[in-house]
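See structure below.
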Amino acid sequence: MKPLSWSEAFGKGAGRIQASTIRELLKLTQRPGILSFAGGLPAPELFPKEEAAEAAARILREKGEVALQYSPTEGYAPLRAFVAEWIGVRPEEVLITTGSQQALDLVGKVFLDEGSPVLLEAPSYMGAIQAFRLQGPRFLTVPAGEEGPDLDALEEVLKRERPRFLYLIPSFQNPTGGLTPLPARKRLLQMVMERGLVVVEDDAYRELYFGEARLPSLFELAREAGYPGVIYLGSFSKVLSPGLRVAFAVAHPEALQKLVQAKQGADLHTPMLNQMLVHELLKEGFSERLERVRRVYREKAQAMLHALDREVPKEVRYTRPKGGMFVWMELPKGLSAEGLFRRALEENVAFVPGGPFFANGGGENTLRLSYATLDREGIAEGVRRLGRALKGLLALV
């Protein structure tokens, strides 16, 4: 019998598959006593456990033959209608996906070939980098910070390159927590429209704003201008539950058709029971739920910022988010976030080093903190521990 060589059997794309750094780090943070700022996990106290149990039983009792059957790839019609009303589009423009991660995977399959240029912020969402990398593209990056991407740098890149699409997170970006101001959104969109480019706008955190009102999305601004080139990705993970894996994409019919066809080859459709459950949970009291979600995250963000102001040495810089789930931290040049991570684990606190959020490398002195899963007391104690680790690292310089 000839020995089997798995590496010979794998396709070229398998060589591009990399483990999620966050998923691997989460394994290290599971030991007892660890306070974790690592995973971008929503606050578990917001999960509607009792309501979900009652709604699931009701769906199975009254519509079980529908919930347990195959369904159209585009999604459960009442949920598509709900999304359409929420976002301000027509139901036929909506595709329900199995989480936003699937939407990113579908976008990569539809738009990218090996060597295709695709533009991302640096840093950007690690899951998007992971999804797009499967297609073997060429990553173009522009610096991003507390007020979104550097538009002067973006303009310079667009003078010499024509990316297949720009992947952007204008509202409460993962990992920086940055919020692109309205004038910058308009300038960015003007650059895109002048060149006839596609934008993939990931708006998973759209409702997690701490101020009085939500800024209009690039998608909304483009629609007002009559421009069809923005593909809009949204999710129920942050406002309801990530475990249900229900999200959506909104796009021009020509683009949506290709995404639907790609989804047919991936999983046929998002689980019908999950779609029906999301619709049942949100068809009443949605506004009240969003207000509670915003209040919880606002209080947690305030708790983290108060603790950071108290515990973190002045040489260390960090963002002050206006929404979302993350604080982005920058150590003095020459210091390593991975070195800090090892010290932090000794103090029983964890975070995510920033390097993996940079598609083309860099960011060795950066890190992401999530305030979503711990309560205010846990946040304060976790930051105390992080402060000790930081002071220990800085003492070596």
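Yeah, the Cβs are placed from backbone N, Cα and C, and that goes for glycine too.
Noted in Swiss-Prot for the protein shown:
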BINDING   GLY40, ASN174, ARG368  substrate binding site
BINDING   TYR70, SER100, GLN101, ASN174, ASP202, ASP203, ALA204, TYR205, SER235, PHE236, SER237, ARG245  pyridoxal 5'-phosphate binding site
MOD_RES   LYS263  N6-(pyridoxal phosphate)lysine
SITE      ARG23  site 'Recognizes the side-chain carboxyl group of acidic compounds'
Ordered by sequence, the long-range same-chain Cβ contacts of GLN101 (pyridoxal 5'-phosphate binding site) under 8 Å (at least 6 apart) are GLY127, ALA131
Rounded to the nearest Å - Cα separation of LYS263 (N6-(pyridoxal phosphate)lysine) and ALA204 (pyridoxal 5'-phosphate binding site) = 20
Under 8 Å by Cβ from ARG368 (substrate binding site), counting only residues of that chain that are 6 or more apart = PHE37, GLY40, PRO175, PHE326, VAL327, TRP328, MET329, PHE351, VAL352, GLY354, PHE357
Measure the Cβ-based neighbour count of SER237 (pyridoxal 5'-phosphate binding site), defined as the other Cβ atoms within 10 Å of its Cβ.
-> 21
Span of the recorded substrate site, as the biggest CA-CA distance among GLY40, ASN174, ARG368 in Å, is 9
Hey, what's the Cβ neighbour count for SER235 (pyridoxal 5'-phosphate binding site) at 10 Å?
-> 22
